[in-house]
Amino acid sequence: MATKQFILSALLSALAGHAAAQGGVFTVNCAALQGSIQRADPLIYPGVVSPHVHVAAGGTGFGQTQTSAQAVAARATTCDKFYDKSSYWQPQLYHHNANGTFSLVTMTGPAVYYLNRACDYSPTANLQSSCPSTFYARAPPAGLRMVVGNPTLRTYNPSDFNQQAIQHVCLTSDPNNAPNTPYLPNQPCVRIRAETFFPSCWDGVNLDSADHSSHMAFPVGTYNGGYCPQSHPVAIYSLFYEFFYDTAAIGSDFNRLVWAMGDQTGYGLHGDYINGWNQTALDLAMRTCTGPQGVNTPGCSLWVPSLNGPGASSAQTVQTTNPNPEPVGLQGPIPSLPGNNPLSGTFVKKSFRA
Ligand SMILES: *[C@@H]1O[C@H](CO)[C@@H](O)[C@H](O)[C@H]1NC(C)=O
Ligand SMILES: *[C@@H]1O[C@H](CO)[C@@H](O)[C@H](O)[C@H]1NC(C)=O
């Protein structure tokens, strides 16, 4: 199937594009969650209409409000790991048409990687060195909620890990031509892969924080691996999202993409996470599902006996009716971005390689 091939090439390029993997990886492949394209953000704006439109994948519990317990108890998941009812979400992508309207750019589904990249703080190690090959990060703890990136950014600071962790990849018909940029692509793309790499170091105490990020930190040396700092000493599996947006229909008018915040630069891309796993299965996965056969390894904790496998991605719809059913572009172009978000930042035209 084309999708499978696409996911495989996504995996290979993801691994090639980031610091050397240390083994210990599994991927959760998901369909988009139907009904999730709405101004909902259960992490940052629980119970109210959020300022911009998101699109989610994963557990069907996603909506304006979702506690961690509700995530775990969700009816179903769009992901191919049945025990994973986590919510994975990002802003929705739009195309600003020449006549001023906005067309929704379809998010076809994400691949979410759980990577063994970081290691616990050590008072004796050189924190800039790479992790011992024998180290296993622990699973994201039950109840963990976090965000990476910042929706208000319209400029790029190349030394900020929180910005290095945000990337856009322009997939063209030539597989060798996939430019990686912190800003929205400035050339025609068959698809855009929007990437967000979450901080891998946990303070060991708080499952969330007022800004939804300060209970987490990036490793000392790089944004995507290495020793954790003393302030956040506990290494968890690194979460890395790749959300795919189908941009083929845009054709040559590619210079007018905009994230739902009104962001024309792309620097405001961000990712959000609520852990909704069967925690028993997740806790065991790094040790039981990372053999040569991956999730098909006998005894892998992600294997669901009744399914005779870990599951399959599937079309699913949110359980809770959207209380704010405004047009978001699913029926055709809309005159303004939901929330009336004005366009901001200028499209980045200069050639730049991250
Ligand atoms: C504006 O442009 C879009 C995209 O080409 C098109 O679908 C839509 O019908 C146009 N709307 C108006 C009012 O002309
Ligand atoms: C959670 O996963 C474990 C396997 O790791 C399994 O034995 C258990 O039945 C699962 N619990 C639920 C509620 O599915």
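Residue numbering: from 1, along the chain as shown.
Quick reminder: no glycine exception, Cβ is built from N, Cα and C everywhere.
According to TrEMBL:
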| type | residues | note |
| --- | --- | --- |
| COMPBIAS | 311-323 | compositional bias 'Polar residues' |
| DOMAIN | 41-277 | domain 'DUF1996' |
| REGION | 311-345 | region 'Disordered' |
| SIGNAL | 1-21 | signal peptide |
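Outside the compositional bias 'Polar residues' (311-323), and at least 6 residues removed from its termini, the chain residues within Cβ reach (under 8 Å) are 29-31, 33-36, 38, 40, 60-65, 74-83, 109, 304. According to DSSP, the compositional bias 'Polar residues' (311-323) comprises 0 helix, 2 strand, 11 coil. Mean per-residue pLDDT, taken over the domain 'DUF1996' (41-277), amounts to 96.
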